[in-house]
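What follows is a set of notes on a single structure, which appears directly below.
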Amino acid sequence: MSATTSPMPNSSVPGRAKDRATSEALGRRRARADAIVRVLCTAATILGLLFLASILLTLIIRGAGGISLSVFTNVTRPPGSHGGLLNPIIGSIIQVFLATIVGTPIGMLVGTYLAEYAGESRFGQVVRFVSDVLLSAPSILIGLFVYQILVLPFGGFSGWAGIVALAIIVIPVVVRTTEDMLRLLPNTLREAVIGLGAPKWKMIVLVCWRAAVSGIITGVLLAVARVAGETAPLLFTSLGNLNWSLNLSQPMSSLPITIYSYAGSPYEDWITLAWTGALIITLGVLGLNIAARSVLRARR
Amino acid sequence: MAQVAVPETLEAAPARPTTRKGSGTGDTIFAFLCRAAAALVLVLLGAIIVELFLGGLPAFKAFGAAFVTSTEWDPVQEIYGAGVPIYGTILTAILALLLAVPVAFGIAFFLTEMAPDWMRGPVGTAIELLAAVPSIIFGMWGFFVIVPVMAGTIQPAIIDTIGELPLIGSLFQGPPFGTGLFTAALILAIMVLPFIAATMRDVFLQVPGVYKESAYGLGSTRWEVMRKVVLPYTRISVVGGIMLGLGRALGETMAVTFVIGNANRITPSLFGPGNTIASIVALEFGESGAGSLKLSSLLALGFLLFVISFAVLALSRWLLRSRLKG
């Protein structure tokens, strides 16, 4: 790299002055290349931040004006009759809550298996790989899958189908964080517990899980944030319901689906409601993400 | 004490298996639960593949292997082919990566080598939050903010300049609708940007400090350290991160659905409307009755999408395996 030590083989007039001139030119060129790249990279970062800012600003400008008590107290109604988003909000809360209740224990057990039992076994590696693939797999396909196994055979869209679809998305998120957090624990902790004569399952449940609880909570919060905004899997499972319904065997309303159908409608007040719903959901999801981070940071 | 303790442990030794058995049932049950949950994950993946394939079987039977290449999509005559959505899926995903990778690299470079310490945390978090924004929000933002800008200024400008060129000009011609393949690729690029940037940042941070310090000590500039030390050291993981972004871009649904234009034909121009596998499934599903050939074709498309994204994600995991171990 160093320019001063490399003489120019093709140079017909070798000499100190020429060498210095060449090296200075090279130095200038290197500094210039560095400066250009640094400007471009700073610009790239600003661009990335601008996208986030633009999305948030758009949501606030178009959605904040529509926030009023009636959004949270009125159910969805035909355009022009002051409808709200009560049933989509309740429907989303129910589905996301139950999906988390179903998916979290399974994800924790899988993560525990990978960290505490699997070791380097072939089965463990395959499970880890498949879980990672499911983590990034297109969520629309999970919706189609649940449509095939729960909607078609049981004669209709239902809240339960939506819950199962979201739970399948929750599992790999919780697997990933549970395994990572358990692996961070020092082995001396395990040896101390086993040395006291405790069986392995007590070591895991009473000591390891408790020591990793902040990490596991982080994983659950991230999973909730992830499924709260999921739209595609619900299109084929809980479908959406414009009427008030808490029956999980019936199609169930959800915030993302309502936003989707309202945003594509030609009615001014429905579009405003869609923006308000989008603002609510984005603030919720980003808030959960920030909460998840602070849980982890507080512990460290 | 010691004299008493020694015979006790000696005596306890043969009795150990029985005491172990007592607490062993708890262990057996718990280990079984963990193993069963792990097996469930494998069963899930297998079931997804099998169910999508079985659902698509009538379409595969009706159209044969030509289903994959046929560009026809005619609900009236009940002729369906996967050609247009496969073309749209791959084109938008590749185009999205072309747009996103340089920017993601810039962000990762900025965050690892340039930014002052106080800035790294907040800026990194902001970029990661961009990844958390739900797909449907990107769709609305794209449709109501980006599409008008594309239609009003960007597309006419490109059509008047690059569109006039020979050869590549034909890619940038046609009426400036604002929606279409190019806009979908742009939104996809913004969506996968934080995933690629975060992966690149993480792998750049794994380069041993000694290597970079040696290069700096020889008088290298930051760009030279990046290009000649960091990138060669991490290039496999970087490609893995890009593949991860590709996997995401291939299956993204709601955002694309808003801006793709929903047309089931291949147009030569990037500004033309189209469809991806995910968007056609989302858009056409509502008009497909249970048991219809159309629904089966959509499930067959889902199966194809699963195969494509599984291959890409598997490749990504394989390339990133060294990073995951580290």
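The backbone N, Cα and C atoms fix where each Cβ goes, glycine too.
Listed features, source TrEMBL:
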- A:1-13: compositional bias 'Polar residues' (COMPBIAS)
- A:1-25: region 'Disordered' (REGION)
- A:35-61: transmembrane segment (TRANSMEM)
- A:89-114: transmembrane segment (TRANSMEM)
- A:89-292: domain 'ABC transmembrane type-1' (DOMAIN)
- A:126-151: transmembrane segment (TRANSMEM)
- A:157-175: transmembrane segment (TRANSMEM)
- A:204-225: transmembrane segment (TRANSMEM)
- A:270-292: transmembrane segment (TRANSMEM)
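Within the chain, the transmembrane segment (A:157-175) has long-range Cβ neighbours (under 8 A, six or more residues past its boundaries) at 91, 94-96, 98-100, 102-104, 106-108, 110-111, 114, 131-132, 134-135, 139, 142-143, 145-147, 150-151, 216, 219-220, 222-224, 226-227, 230, 233-234, 236-239, 247-252, 254. Among A:35-61, A:89-114, A:204-225, A:89-114 has the largest number of CB pairs under 8 A with the transmembrane segment (A:126-151). If one looks beyond the transmembrane segment (A:89-114) by at least 6 residues along the same chain, the residues whose Cβ comes under 8 Å of a Cβ in the stretch are 72, 124, 127-128, 131, 159, 162-179, 182, 204, 208-209, 216, 219-220, 223-224, 227-228, 234, 238, 241, 245-246, 248, 252-256, 280-281.
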